[in-house]
């Protein structure tokens with residue numbers, strides 16, 4: 001008799017074996033739905049790569065809690081460029097009963113549906129089939145037709161087919177028809193049909209167990225004038241091979257070919273493939289794309305497309321030989337010698353005026369004196385007593401010990417003052433006050449005289465010459481530049497007194513004021529170029545006694561020195577230029593009228609669709625880039641020189657470079673349909689096809705617009721583009737003619753202010769239309785003349801549903 005414990009163990013083992021026998025073993029195969037996202041909540045979400053996400057789904061594990069069982073029927077995956085922020089969303093079978101109403105297009109996601117197939121074949125890729133809804137292979141390309149109970153049997157038969165290579169199937173969900181073919185959308189894309197029959201549902205599945213990278217073999221050959229790339233395909237291929245950034249000008253479209261090639265010329269030979277060839281070090285790198293996803297337009301790059309890099313050395317680049325090395329060393333020595341000579345010359349110029357005496361009179365009108373700025377400090381063991389005797393008047397001042405903090409104020413904006421004095425028969429005497437510094441600490445009186453420490457440099461010259469020498473301020477050496485002017489612009493302003501504030505920063509030293517009188521016996525014209533920086537310094541001093549005997553005007557010694565120069569009462573002509581004139585301020589013409597000023601936004605850039613400004617469109621939509629000057633000048637004076645489109649925050653590195661759509665006033669064939677620039681009402685426009693990048697829907701258009709101020713811009717002769725109006729660059733008729741505008745301005749001259757011109761220009765001679773044309777068009781064109789870089793952003797979505805979602809929520 002058996003032991004009861006043994007019977008119990010045998011019973012448990014039998015039940016365990018029976019339960020394992022009844023559990024069906026799933027051989028997981030995934031069907032990919034590209035660019036699809038399910039818009040309902042998943043049962044679990046985790047940050048896993050696609051391989052980890054599919055592994056958890058195949059094993060029936062929870063991706064969040066490894067080891068915990070979770071039934072999985074499909075996953076929605078979003079790949080992240082950084083390799084860490086992936087998104088894996090898991091769905092169970094009961095959630096997939098009816099997914100047709102919950103599928104939305106999203107380039108960021110891919111949906112993978114898991115099928116348990118009885119096939120024993122193993123696929124090396126991440127998925128076995130690619131799904132296309134409501135499509136099927138043409139009956140002429142179908143080799144085998146059977147009836148199956150479900151989709152799983154049809155997929156399994158395609159994987160296990162031995163008589164031919166099953167590249168695709170078309171499964172009829174209504175009658176169970178399984179149509180197998182040896183062609184695919186790569187070999188015969190034109191054979192794929194769209195199902196428009198509402199009586200049955202049929203879908204297309206392409207077999208991806210054939211590795212695409214093994215199906216194509218790339219080779220390239222480096223030539224003197226370009227790079228030749230050849231491709232061999234295991235199966236007949238139909239598609240396109242093209243340069244990454246030059247689809248429209250640099251491509252070949254083979255039709256059911258097994259061997260094909262394309263020649264990519266260098267930039268020095270042709271510009272057709274110039275954007276796809278980059279220089280990296282001593283090599284030229286060509287980036288080639290082979291379209292394998294079957295998605296049109298073919299220039300829309302997807303991760304399924306194959307990319308190939310061909311590298312060739314730059315012709316003419318050789319290693320340095322001894323002769324080249326010797327010449328390079330000789331050139332370096334020459335450069336060093338020139339630098340040393342320049343430094344010696346600059347040092348000599350900076351020391352030129354140290355030992356020269358101060359010249360008080362100028363006997364010749366062409367004498368030019370340049371003073372070198374030096375700060376001189378003398379330290380002795382004597383008290384500081386400064387005496388300047390001109391008359392018998394003596395003033396004694398005792399300064400108490402102040403205790404204040406140093407305060408320094410610096411004005412960075414340069415001020416240039418030019419003073420022109422008319423000829424006077426009498427000699428002119430101009431007193432000038434300069435400041436020097438002396439430091440002392442003993443008792444015997446002594447007088448110390450130094451050169452002026454004025455931080456300004458001046459040049460006095462004759463009025464008969466038209467050449468002005470302007471000496472700029474520099475801390476190490478004097479630098480002179482020569483300018484010639486024929487017609488200087490002047491403005492008459494009566495300036496009886498000119499006051500200039502200067503200061504010298506001196507640590508713990510008193511100041512001494514020296515009055516110097518300069519007498520010019522002959523009539524002269526003085527032009528002074530001054531660059532001033534206002535600085536105020538307050539220092540702490542000991543009680544000192546300063547004795548000064550001067551004539552009026554007198555200057556009291558203090559830390560801050562103010563110098564006042566009184567000019568003769570004779571009429572003067574002064575031209576003052578302070579910085580650059582403001583662009584928004586109107587200038588004054590010779591006749592007193594106000595000229596049109598340059599506005600803050602000279603060219604207005606808008607994007608239109610069907611005559612309405614837009615900020616979001618569907619990819620492939622025809623839009624118009626409109627450029628309108630601020631003033632209503634004729635469109636012949638507006639020219640679009642160049643345009644490019646670039647993504648906003650793309651995820652892939654190859655998407656960062658902008659694509660040109662207009663170059664030198666003509667289409668650049670960068671991407672999509674681009675028409676030549678045309679004239680529009682008061683401006684220009686460019687009709688293009690909205691382009692979208694793979695990882696971002698936000699793009700930016702940047703264009704260079706030229707306003708020709710004096711004559712109509714030269715016309716550009718561009719080749720005709722299919723899909724564009726051949727009669728481009730024509731001018732539209734204005735709704736309001738120039739005659740109507742002229743009559744309105746003559747009736748009410750105050751309306752002229754709306755054009756940025758003076759109403760007095762029409763009040764003087766309102767009967768002449770020539771005056772109107774010259775004032776309105778010429779002044780406004782001159783005000784707007786130049787090149788302007790304008791930018792505009794646009795959101796490009798994939799479908800009308802996404803566009804409605806964006807309009808409703810504001811999110812992409």
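Glycine is no exception: its Cβ is also placed from the backbone N, Cα and C atoms.
Swiss-Prot annotations:
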{"type": "SIGNAL", "residues": "1-21", "note": "signal peptide"}
{"type": "DISULFID", "residues": "26-116", "note": "disulfide bond"}
{"type": "DOMAIN", "residues": "26-116", "note": "domain 'Apple 1'"}
{"type": "DISULFID", "residues": "53-88", "note": "disulfide bond"}
{"type": "DISULFID", "residues": "57-72", "note": "disulfide bond"}
{"type": "DISULFID", "residues": "123-209", "note": "disulfide bond"}
{"type": "DOMAIN", "residues": "123-209", "note": "domain 'Apple 2'"}
{"type": "DISULFID", "residues": "154-178", "note": "disulfide bond"}
{"type": "DISULFID", "residues": "158-166", "note": "disulfide bond"}
{"type": "CARBOHYD", "residues": "172", "note": "N-linked glycosylation site"}
{"type": "CARBOHYD", "residues": "211", "note": "N-linked glycosylation site"}
{"type": "DOMAIN", "residues": "221-725", "note": "domain 'ZP'"}
{"type": "CARBOHYD", "residues": "272", "note": "N-linked glycosylation site"}
{"type": "COMPBIAS", "residues": "375-449", "note": "compositional bias 'Low complexity'"}
{"type": "REGION", "residues": "375-461", "note": "region 'Disordered'"}
{"type": "REGION", "residues": "494-584", "note": "region 'Disordered'"}
{"type": "COMPBIAS", "residues": "496-584", "note": "compositional bias 'Low complexity'"}
{"type": "CARBOHYD", "residues": "771", "note": "N-linked glycosylation site"}
Ranking the disulfide-bonded residues 116, 123 by other Cβ atoms within 10 Å, which is at the bottom? 116
One should report the C-alpha separation between residue 123 (disulfide bond) and residue 158 (disulfide bond), rounded to whole angstrom, as 13
Out of 26, 53, 72, the listed disulfide-bonded residues, fewest other Cβ atoms within 10 Å surround the Cβ of 26
Rounded to the nearest Å, what's the C-alpha distance separating residue 166 (disulfide bond) and residue 57 (disulfide bond)? Just drop the number here, would you? 27
Taking Cα atoms as reference points, rank the disulfide-bonded residues 53, 88, 116, 178 by distance from residue 158 (disulfide bond) and give the first. 178
Rounding to whole Å, the Cα atoms of residue 53 (disulfide bond) and residue 72 (disulfide bond) are apart by 11
Taking DSSP as the reference, which of helix, strand or coil describes residue 88 (disulfide bond)? strand
Per-residue pLDDT averaged over the domain 'Apple 2' (123-209), given as an integer: 91
For each of 154, 158, 166, 178, 209, count the other CB atoms within 10 A of its CB; which of these disulfide-bonded residues has the top count? 158
Alpha-carbon distance [residue 272 (N-linked glycosylation site); residue 72 (disulfide bond)] in Å: 51
If you run through the domain 'Apple 2' (123-209) with DSSP, how many residues end up as helix, strand and coil? 16 helix, 32 strand, 39 coil
Euclidean distance between Cα atoms of residue 178 (disulfide bond) and residue 172 (N-linked glycosylation site), Å: 7
With DSSP helix as H/G/I and strand as E/B, how many residues of the domain 'Apple 1' (26-116) fall in helix, strand and coil? 17 helix, 40 strand, 34 coil
Taking Cα atoms as reference points, rank the recorded positions 154, 178, 209, 272 by distance from residue 57 (disulfide bond) and give the first. 209
